[in-house]
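> Shown below is the structure under consideration.
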Amino acid sequence: MSTILIIFCVLAAVTIATAFLTIFSRNPIHSALYLVICFFSIAGHYLLLNSQFLAIVHIIVYSGAIMILFLFTIMLMNLNKENEVHKPRITRLGAIVSFCLICIVLILVFINSKPIVGEYITTGEDYQSIKVLGKVLLNEYMVPFEFASILLLVAMIGTVLLSKKEKTEK
Amino acid sequence: MDSTIIIEKSVIILVVFGITMLMAMYSTLAERKVAAWLQDRIGPNRAGKGGLLQPLADGLKLFSKEEFEPDTPNRFLFFAGPALAMTTALMTSAVIPWGDHFHLFGRDIILQATDIDVALLYLIGVMSIGVYGIMIGGWASNNKFSLIGAVRAASQMISYEVAMGLSLIALLMMTGTLSLREISLQQSGMNWNVFYQPLSFLIFLICAFAETNRTPFDLAECETELIGGYHTEYSSMKMGFYLFAEYANMFISSTILAVLFFGGYNYPGMSWAVENWGVNFANVLGIVALFIKICGFIFLYMWVRWTIPRFRYDQLMHLGWRILIPLSIVNIIITGIVILRAEIAIYLGF
């Protein structure tokens with residue numbers, strides 16, 4: 001086995017294990033921390049694919065910002081095991097059924113979609129370089145990029161407005 | 001070929017690790033000496049000549065103290081807290097260029113552990129995960145004061161990260177690269193970035209103070225309100241790790257300030273020195289210049305700590321969100337206009 005394959009196997013095992021632990025652990029803070037480890041191993045996968053930029057941005061955005069805010073709220077809310085609400089049986093049944101349906105749909109999609117397995121042609125360009133990435137994003141994909149930034153801006157303004165409204169009502 | 005690179009890089013990494021530890025160790029002594037000097041005292045002078053062995057004595061004391069554990073259900077996380085704080089404090093030094101290069105054994109040795117393309121983003125990433133050590137430790141202590149200290153520290157670090165990142169964007173627009181090695185090379189001679197981006201430097205400096213949780217932003221360990229902050233429940237070497245991580249962080253952020261804004265290892269007349277005195281000697285001088293700059297910043301940290309009183313918490317948040325962030329956005333706009341001045345002049349028809 002080559003080194004990269006071993007690294008990939010270890011990373012994949014960590015990713016899947018921590019993802020399951022996120023769901024199964026009883027303590028909400030533990031599950032948030034498992035999710036952080038999961039994000040780190042996903043960043044490792046990006047590094048294996050030679051995309052440094054994506055890996056680092058993934059760590060900054062998910063582990064560095066979103067999960068810290070998550071931890072924040074969980075720590076301050078002080079959730080305990082006693083507070084956990086038992087879901088009624090019909091809800092659980094519904095969840096299982098919908099999960100199975102999604103599984104069937106996904107499996108059918110993957111079977112029917114014929115992925116094009118082609119050879120990539122190396123043009124000698126350094127795809128790890130941010131300069132290349134930036135030029136591609138802002139030249140060829142300019143319009144989608146701008147749309148994405150407008151979406152982010154709208155989301156940001158919306159959040160500010162929502163959190164402000166409560167204050168004026170008081 | 002392959003093995004020589006591995007040996008070369010391992011030696012650099014070990015040396016950098018050793019130097020970081022040494023600097024962090026002696027920063028503790030320097031802090032006490034500077035405090036003593038500013039308050040007209042003598043300071044520690046018993047261990048060794050003029051107190052030079054004081055850090056070793058402190059370390060010995062911390063190691064030999066009783067290891068007390070609070071009654072916490074999260075024993076693993078309680079141990080992981082200080083370890084994480086120390087790890088993130090040491091990780092940053094991987095991308096810093098300590099000098100240009102040496103010419104030894106017939107090959108050029110670049111004085112940097114790794115020269116990745118996204119070094120600047122890597123720095124921001126490591127800073128952003130530096131919060132975990134404090135938060136996990138504070139929460140796992142199972143103590144309300146520790147938790148409040150941890151949440152304060154974390155919210156402060158998150159708030160100032162925003163302004164810090166924005167101030168770096170202005171710098172980035174000017175340098176056009178994220179690689180710290182190239183940023184250092186661009187500043188050769190006296191072309192230091194601080195002369196071109198003074199506002200960015202100021203914002204970054206203030207945010208660096210907040211990121212390292214130092215006075216005037218050390219609300220996390222505000223003794224009068226929170227006893228000892230997030231490390232209230234820690235004792236022995238675990239406590240030592242938290243304190244040590246703070247000093248290691250201080251050293252690293254001083255290094256970043258020196259590399260990004262004060263020319264890194266460059267000193268006036270370096271190219272002349274390379275021609276006349278040889279590459280190796282010129283670069284030794286470069287490393288010395290870098291460490292003089294770093295020590296200057298460490299002194300600034302201490303000077304501020306013993307001069308300026310602590311901010312109130314709302315003042316801290318006000319400064320971060322309402323002053324520094326708008327200021328850095330204005331700085332970005334100004335930098336953009338200056339970069340595109342020729343195009344703008346053509347567009348306006350001058």
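Using N, Cα and C of the backbone, Cβ positions are placed for all residues, glycine too.
Caution: TrEMBL annotation is automatic and unverified by curators.
Okay, so TrEMBL annotates it like this:
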TRANSMEM  B:6-26  transmembrane segment
TRANSMEM  B:76-99  transmembrane segment
TRANSMEM  B:119-141  transmembrane segment
TRANSMEM  B:162-180  transmembrane segment
TRANSMEM  B:192-210  transmembrane segment
TRANSMEM  B:241-264  transmembrane segment
TRANSMEM  B:284-304  transmembrane segment
TRANSMEM  B:324-348  transmembrane segment
> Taking the transmembrane segment (B:284-304) as the first stretch and the transmembrane segment (B:324-348) as the second, find out whether 3 or more Cβ pairs fall under 8 Å, excluding pairs closer than 6 in sequence.
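No; fewer than 3 Cβ pairs under 8 Å.
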> Same chain only, please: residues at least 6 beyond the ends of the transmembrane segment (B:119-141) with a C-beta under 8 Å from a C-beta of the stretch. Say none if there are none.
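For the transmembrane segment (B:119-141), the sequence-distant neighbours (Cβ-Cβ under 8 Å, at least 6 residues beyond its ends) are 70, 72, 74-75, 77-78, 80-89, 91-92, 94-95, 147, 149-151, 153-154, 157-158, 161, 164-165, 168, 172, 178-181, 183, 211, 213, 220, 229-234, 242, 245, 249, 256.
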> Taking a Cβ cut-off under 8 Å, which residues six or more beyond the ends of the transmembrane segment (B:162-180) line up next to it in the same chain?
95-97, 112, 115-121, 123-124, 127, 186, 193, 196-197, 199-200, 203-204, 206-208, 211, 259-261, 264, 320-321, 324-325, 327-329, 331-332, 335-336, 339
> Sort out for me which stretch, of B:6-26, B:192-210, B:241-264, has the most Cβ pairs below 8 angstroms to the transmembrane segment (B:324-348).
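By the under-8 Å Cβ criterion, the transmembrane segment (B:324-348) pairs most with B:192-210.
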> At a C-beta cut-off of under 8 Å, are there same-chain residues at least 6 beyond the transmembrane segment (B:241-264) that contact it? List them, or none.
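Non-local partners: 20-21, 23-25, 27-28, 31, 81-83, 85-86, 88-90, 92-93, 96-97, 123, 130, 133, 137, 168, 171, 180, 183-184, 187-188, 190-194, 197, 200-201, 204-205, 208, 211-214, 230-231, 234, 290, 293-295, 297-298, 301.
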